[in-house]
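**Q** Please see the structure below; I have some questions.
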Amino acid sequence: MEQPGIVITGASGRMGQMLIGAVAASDKARLVGCVERTGHAWIGRDVGLCMGGAALGVTVTDDPLEAFASAQAVIDFTAPAATVEFAALAAQARAVHVIGTTGLEATHLAAIDAAARHAVIVRAGNMSLGVNLLVKLTQKVAAALDADWDIEVIEAHHRHKVDAPSGTALMLGQAAAQGRGVALDAARVSGRDGITGPRETGSIGFSAIRGGDIVGEHDVLFAAAGERIILRHVATDRAIFARGALKAALWGQGQKPGQYDMMDVLGL
Ligand SMILES: NC(=O)c1ccc[n+]([C@@H]2O[C@H](COP(=O)([O-])OP(=O)(O)OC[C@H]3O[C@@H](n4cnc5c(N)ncnc54)[C@H](O)[C@@H]3O)[C@@H](O)[C@H]2O)c1
Ligand SMILES: O=C(O)C1=N[C@H](C(=O)O)CCC1
């Protein structure tokens with residue numbers, strides 16, 4: 001059987017380039033398309049040459065519908081509005097849509113849910129094996145501790161990141177809330193500043209650091225009187241996200257329409 005053809009959206013981005021490298025090097029998938037936003041300097045050029053390497057025989061386009069028509073999967077690490085548009089188009093093309101984009105709000109999520117009625121969507125705020133394991137551990141530790149243990153999620157990313165808390169921090173906070181049996185929306189406290197008053201018992205705090213070229217670092221801190229537990233993941237190479245996304249695109253082939261996450265893909 002022919003290997004699945006994969007389209008990468010946001011081709012020139014930090015993750016886009018990493019994904020193109022991963023698919024081009026894979027012996028399980030073919031790179032069949034690359035999409036960038038209209039007006040981008042890479043449109044109409046071979047993506048391999050744009051990336052400063054050998055030609056890959058794939059011309060960057062700003063027409064996602066045409067690109068998706070010949071694909072079995074679309075891997076999408078772009079921006080919320082673009083991802084909503086791509087979800088509808090990927091569903092139309094019956095292509096698996098792997099979504100790594102973060103910063104999605106309720107309206108974006110509702111549109112993605114609608115697309116998932118007709119297509120396979122795999123979405124996760126972090127596609128790495130290590131973070132998804134950390135999510136499981138966080139839920140377990142939170143379930144074992146009572147509200148005398150304060151939970152704080154602390155994350156650090158590069159200076160270009162536009163959303164906070166990170167998608168990963170929200171996954172970790174959600175896992176902590178689930179373990180504790182509370183709703184994250186009710187417990188969540190972000191970005192303390194000024195006279196905040198003492199910490200509210202049972203709250204789950206989020207702090208975001210932005211600087212330099214930090215790929216992604218996450219701590220889940222459980223702090224009680226006299227002791228602390230810290231669960232930590234440090235990403236040093238974006239290849240971990242690309243590997244996970246490619247795995248998700250392959251796993252999604254032949255699945256029933258619906259929305260899945262990396263726990264499904266990794267069998268965690
Ligand atoms: N889930 C994960 O594992 C994971 C890992 C890393 C990054 N991310 C997320 O992926 C997203 C992208 O991150 P990045 O660092 O690569 O950002 P980036 O800014 O380097 O790349 C985004 C790319 O998307 C392109 N784009 C935007 N709108 C578009 C449109 N309408 N059509 C086509 N292309 C469009 C931009 O031109 C840009 O090239 C962010 O939301 C980030 O948080 C997720
Ligand atoms: O670089 C980014 O942006 C990242 N985004 C994801 C998040 O929001 O958690 C994953 C880590 C890198």
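Keep in mind that glycine also has a Cβ here, set from the backbone N, Cα and C atoms.
What TrEMBL says about a protein is an automatic prediction, not a curated fact.
Quick paste from TrEMBL:
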type	residues	note
ACT_SITE	His157	active site, proton donor/acceptor
ACT_SITE	Lys161	active site, proton donor
BINDING	Gly10, Ala11, Ser12, Gly13, Arg14, Met15, Gly100, Thr101, Thr102, Ala124, Gly125, Asn126, Met127	NAD(+) binding site
BINDING	His158, Gly167, Thr168	(S)-2,3,4,5-tetrahydrodipicolinate binding site
DOMAIN	6-127	domain 'Dihydrodipicolinate reductase N-terminal'
DOMAIN	130-266	domain 'Dihydrodipicolinate reductase C-terminal'
**Q** At the level of the C-alpha atoms, what whole-angstrom distance separates the residue listed as 'active site, proton donor/acceptor' and Ser12 (NAD(+) binding site)?
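**A** With the alpha carbons as reference points, the distance is 19 Å.
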**Q** Count, for each of the recorded positions Arg14, His157, His158, Lys161, the other C-beta atoms lying within 10 angstroms of its own C-beta, and report the residue with the smallest count.
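**A** Per-residue Cβ counts within 10 Å for the recorded positions Arg14, His157, His158, Lys161 bottom out at His158.
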**Q** How long is the line from the C-alpha of Met127 (NAD(+) binding site) to the C-alpha of His158 ((S)-2,3,4,5-tetrahydrodipicolinate binding site), rounded to the nearest angstrom?
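**A** Rounded to the nearest whole number, the Cα-Cα distance is 18 Å.
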**Q** Per the record, NAD(+) is bound by Gly10, Ala11, Ser12, Gly13, Arg14, Met15, Gly100, Thr101, Thr102, Ala124, Gly125, Asn126, Met127: how many Å separate the farthest pair of Cα atoms?
**A** 21
**Q** Express the distance between the Cα positions of Thr168 ((S)-2,3,4,5-tetrahydrodipicolinate binding site) and Gly125 (NAD(+) binding site) as a whole number of Å.
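**A** With distance taken Cα to Cα, Gly125 (NAD(+) binding site) is 5 Å from Thr168 ((S)-2,3,4,5-tetrahydrodipicolinate binding site).
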**Q** Where does His157 (active site, proton donor/acceptor) sit by DSSP, helix, strand or coil?
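**A** DSSP assigns His157 (active site, proton donor/acceptor) to strand.
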**Q** Please go through the binding-site residues Gly100, Gly167, Thr168 one by one and keep those whose C-beta falls under 6 A from any atom of ligand 2; give the result in sequence order.
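**A** So the answer is Gly167, Thr168.
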**Q** Given the binding-site residues Gly10, Gly125, Gly167, which one's Cα is the least distant from that of the residue listed as 'active site, proton donor'?
**A** Gly167
**Q** What is the nearest of the binding-site residues Gly10, Ser12, Arg14, Thr102 to His158 ((S)-2,3,4,5-tetrahydrodipicolinate binding site), using the Cα of each?
**A** Arg14
